[in-house]
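Trainee: Pulled these features from TrEMBL for this protein:
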COMPBIAS  527-538  compositional bias 'Basic and acidic residues'
DOMAIN    27-468  domain 'Major facilitator superfamily (MFS) profile'
REGION    520-545  region 'Disordered'
TRANSMEM  70-90  transmembrane segment
TRANSMEM  99-117  transmembrane segment
TRANSMEM  123-140  transmembrane segment
TRANSMEM  161-179  transmembrane segment
TRANSMEM  191-213  transmembrane segment
TRANSMEM  283-307  transmembrane segment
TRANSMEM  319-341  transmembrane segment
TRANSMEM  350-372  transmembrane segment
TRANSMEM  384-403  transmembrane segment
TRANSMEM  424-441  transmembrane segment
TRANSMEM  447-464  transmembrane segment
């Protein structure tokens, strides 16, 4: 289904009546709404799973930590399957249709959950299937939305925009916690049905807006749909289709597509190659950040905070939800500061600061639980509050940003999907085992997470190069320099000076790069040379400025 396209009086294509900056704002609204839904889904079960009304409706979860973990974590299995779907078919389907499909699947899953009639074990099975289907839709969207936004919005906003998306995850979780708490005072069925049904609000916004939003111009060009791509680029820039700037951008993107193999067809085996481009290393760096995010214990806190309060601190369900809601306020506040820090402090330092803070918070939590008395146990809650503050400001957005930056043009989409697959795979693992660990080893659960966080510090220090302030082309040069000069890539990042476009093109020729983002600068000369060539063509084609 093609989007509805109109033109303004000046001949500028419009979508939802918007073009230029306002059209990019609409795309950002879709992206942030979807990540709000992502965060909402992460938090909604935390206040439901231990609610008396939910236990009465689904008695299988009562006093069974394994089943409890399964009901919560099956959502991550669905997300994993959705991410795998995009890994295999995302290039063929396209960004717009993928997002539309993801939102539709989520609504179907929600309907299945809400329509469950609590009679017999079949009711629990229906709820689990519905939750898994909702996860499939979310996996499709979280694997597609960042790519779609990056390809439609200005490159200079890359870091900040993705960090804003990250903060939306925290705000979505905050909304879920407080809706759970508010519904606690309603009828029994309302206690769990309404919070789950509320997901449809976010999904419907995404679905409706995508009806008239454009496809990614890069995807259109990789599938040789040049006329449609020109229309989209014109709308995104707020210019007529025949404007010289649109012609120049079309030619530049065509060069990028050509240098990445053309047609958007990149074999999976390309991910396991190295050489100057270091495809495998870079894919592992991106995926490892998603893995470490989950192994740090974030979802043990996000999903199970109310249960931790009830089981460990001895609070009732009402107070546990209230504390969980306050914890999510802290989460959202600190997550909202990440875009202010990301460019000033840098990715690498934020990774290390966050890891140290999370490690010490987990140390505080388990140390306060060791005595086994109520007084010291209150200090454990403080540890969980400080943990979520450090996580929100650092590890929440970074694993979504770093893979998008660190991977080269040729493998970027598949490598990003691979990273997202890792996120959901380890998400499922942690959410599944956390109730079992708490039941089995108690405070040892937090000691385990403290040790895991401590293990991440040397990995980041020795293997994660800094990418802040670097163009995507310069990041290619970092890996080429490390490979050719036989040095660590962290050191290569420190030694490689900040470059302008002419210096990047010259260094690329020195390293003889033939498979990177550099090609769109070097294959036909520098950007300025390319622009001059295109401007010389404009009068010959009769285009008007």
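Cβ from N, Cα, C; glycine included.
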Trainee: May I ask for the residues of the chain that lie six or more residues beyond the transmembrane segment (350-372) and have a Cβ under 8 Å from a Cβ within it?
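Mentor: Here the qualifying positions are 289, 296-297, 312, 341-342, 378-380, 382-384, 386-387, 389-391, 393-395, 398, 442-447, 449-450, 453-454, 456-457, 460-461, 464.
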Trainee: Do any residues of this chain, six or more beyond the ends of the transmembrane segment (319-341), have a C-beta under 8 angstroms from a C-beta of it, and if so which?
Mentor: 43, 46-47, 50, 159-160, 163-164, 166-167, 169-171, 173-174, 176-178, 180-181, 184, 301-302, 305-307, 309-310, 313, 350, 381, 384-385, 388-394, 396-397
Trainee: Hey, would you say the transmembrane segment (70-90) packs against the transmembrane segment (161-179), going by three or more CB pairs under 8 A that are 6+ residues apart?
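Mentor: Between the transmembrane segment (161-179) and the transmembrane segment (70-90), which are separate recorded stretches, there is no contact, as judged by 3 or more close Cβ pairs.
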Trainee: For the transmembrane segment (191-213) and the transmembrane segment (447-464), check the count of CB pairs under 8 Å (sequence separation 6 or more) and say whether it reaches 3 or more.
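Mentor: By the criterion, they do not touch.
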Trainee: Could you tell me whether the transmembrane segment (99-117) and the transmembrane segment (424-441) are in contact, taking contact to mean 3+ Cβ pairs under 8 Å with a sequence separation of 6 or more?
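Mentor: No, the stretches stay apart by this measure.
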Trainee: Go through 99-117, 123-140, 283-307, 384-403 and flag the stretch with the largest number of C-beta pairs under 8 Å relative to the transmembrane segment (161-179).
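Mentor: Most Cβ pairs under 8 Å with the transmembrane segment (161-179) come from 384-403.
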